[in-house]
Amino acid sequence: MADAVAEAVAKLVLDDETGEMVTKNELKKRIQKRARKAAAAANRSNAQQEKGNKPAANKPAAKPEERVIDPDAMFKQGFLGDVFKLRPEESVVTRFPPEPNGYLHLGHAKAIAVNFGFAKYHGGRTQQQLDGQINYIPTDVADSRFDDTNPDAEKGEYFVAIEDTIRWLGFTPSEITYASDNYQRMYDLAEELIKMEKAYVCHCDDVETKKQRGGEDGLFPRYRCEHAKQDVETNLKKFRGMRDGEYAPRSAWLRMKQDIENNPNPQMWDLAAYRIPKDQEPHFRTGTKWRIYPTYDFAHCLCDSFEGITHSLCTTEFIMSRESYEWLNKLLVEFQPMQREYGRLNLSGTIMSKRGLRTLIENNVVRGWDDPRLYTIKGIRRRGIPPGALLSFIYELGVTTSITQVSIKRFEQSIRVYLEKTVPRLMLVLDPVPVVIEDGEEQDLDIPFSPKDPKLGSHTIRLTKTVYIDRSDFREVDSKDYFRLAPGKTVGLLNVPYPIKAVSFTKDETTGAIKEIKAVYDKEGKKPKTYIQWVPEGSLPAEVRIHEALFKSDSPGSAPGGLLSDVNPNSETIWPNALIETGFHEVKRRAPWPEAEGEKTGEFHPETVRFQAMRVAYFALDSDSTDEKIVLNRIVPLKEDSGKSS
């Protein structure tokens, strides 16, 4: 009997509007009823409008067909397909060159996917470049380069975090390089540039430099400073003096002699090539060996050439930089990489700038860089979003030259679709209230982890005489449009052979809250319209954190009262006394869910313990958990939250 009922319960579906688990027939009836109500409302509205100006009657939204995302599609066609046609190399080499001055965010995940994916698809490699650069490969295709040219802002922890992020996403570096690997070579080329009379040492301050570039708004004539008239020997002497510590920070800098007077492109207005850092912090790798450091505009293009990067793929804010990139490479190096630019990924309703994130952290709005409400990669991971779900979202969006502005709702919907078929299901009660089944008998129930995928296996749960349901699933007074538990009303318990009927309840004399419900099995009644989740006695206590949008508006960075004025004071709700069934132990033991190459590290990572709490949401174990305490973060809700900004 129990097996038959369990099989029937496995076929229940979620009513998105009420959050109830119901039969397919019942859901069909509800949808039809809502459609009739919507049509009637539309007809009443239409009757009040002028003839010929009637809007179409509202119809229930059709359930979208499940899309199968081809991860290679964005490399075969569109922008990236065209990029390859421009330079169809047999051996493609790309790079991912972050500056190690902070933690990566969602936009960086797109850059990783683009560069590693492009090289992998074309059988090449990707390098990772850091302050230097690092060359990486997605499973041996890309280079990762660290652009480590600013020791004042760079820290060793950022290098480690960036490498960890790349591997978490499932990509393996073919090579890791650093801009600092090439410091001497770049210095020598800077001297060559001086000898070619294409660079000079300048002593102008910021105010004077701005005047040379046309003033604050660029409305005045541009001109080159007097230092550009210095001869080669003078410039070489000064540049070597910069190297040897003869100048104070910001008192001298090497400028490229480009075309400041005639070229309308600001990236050709005699950009800086070398500067003396203000704080003179020791470099992460080279210590105090160097007192001067190349700028991004000088180092980036040269390192691309040194490393044989065939396709230098970056975001559209570097479109104008392409001219200076090519100008410098043509002067100094033989191998010429090709730079092309694609649109950034922006998420509305949040911020990803380092300055904004620091403001939130310093004002204790969030717990740190890994707060689940942030869209840093650390925050996304702690929240429980799997690497595969993140990549699937990026592949779904594709790549164009336009900036991609995406709502939080769309992001969460993509994650929800990914999780639906890849994580097990458990029962969780946020606000438990006991139900004593007076005629109940204890028995073991075999519950599948997924009603749709038997490969996920099953677990045993003990049906006890006292069970706990969510307080929101009981009403003291019944109504016709209410289908959960109420006095004299019947409701199904997920995977339990018989529905229960509430016969009485008691209340706390002080608070007025429901203290206990008494019920009996309704063995002869009709099949219930609704099933609710429950947990037995002996279930595991848990703290559950439900996170909403961190900001009230879609553009928190532009809020009239500043960033902090736009913070949503209700962005986190904590349920301290939740209960989860003991099947959680098995889910934890078998993590990661789903299996992912980047999460098979041999170490336990709590956020890989992911599951769907039936009728509640998707959850992951938080890093605040201990052996004695379970802490859960909501990954995404089961249905779209209408109150969430889009």
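Residue 1 is the first one shown; counting continues down the chain.
Even glycines carry a Cβ here, placed using N, Cα and C.
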Of 25-65, 230-270, 435-475, which range does Swiss-Prot call region 'Disordered'?
25-65
Same-chain residues at least 6 beyond the ends of the motif ''KMSKS' region' (351-355) whose Cβ lies under 8 Å from its Cβ atoms:
101-102, 105-107, 375-376, 551, 556-557, 563
Find, for the listed binding-site residues GLU99, ASP147, the residue with the lowest Cβ contact count at a 10 Å cut-off, counting only other Cβ atoms.
GLU99
Could you count the residues of the motif ''KMSKS' region' (351-355) that DSSP puts in helix, in strand and in coil?
2 helix, 0 strand, 3 coil
Can you give me the average pLDDT across the motif ''HIGH' region' (98-108), rounded to a whole number?
91
Please list residues from the chain of LEU106 (ATP binding site) whose Cβ is under 8 angstroms from its Cβ, counting only those at least six apart in sequence.
LEU345, LEU347, MET352, TYR375, THR376, ILE377, ILE380, LEU390
Under 8 Å by Cβ from ASN101 (ATP binding site), same chain, sequence gap 6 or more:
ASN150, ALA153, GLU154, LYS155, TYR158, LYS354
